[in-house]
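What Swiss-Prot annotates here:
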type     : residues : note
DISULFID : C5-C19   : disulfide bond
DISULFID : C9-C21   : disulfide bond
DISULFID : C14-C26  : disulfide bond
Amino acid sequence: GKPICGETCFKGKCYTPGCTCSYPICKKN
């Protein structure tokens, strides 16, 4: 399946590929 962006991001980093930090949650870029 495709990665889901929704984890909390710390220090501007998202660990899910294709996601960027839109504090405090990762969003698809």
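All residue numbers here begin at 1 and follow the chain in the order shown.
Glycine too: its Cβ is placed from the backbone N, Cα and C atoms.
Projection of Swiss-Prot feature records onto the structure.
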residue : record         : DSSP class
C5      : disulfide bond : coil
C14     : disulfide bond : coil
C19     : disulfide bond : strand
C26     : disulfide bond : strand
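Non-local neighbourhood of C5 (disulfide bond): C14, T16, G18, C19, I25, C26, K27, K28, each in the same chain, at least six residues away, with C-beta under 8 Å from its C-beta.
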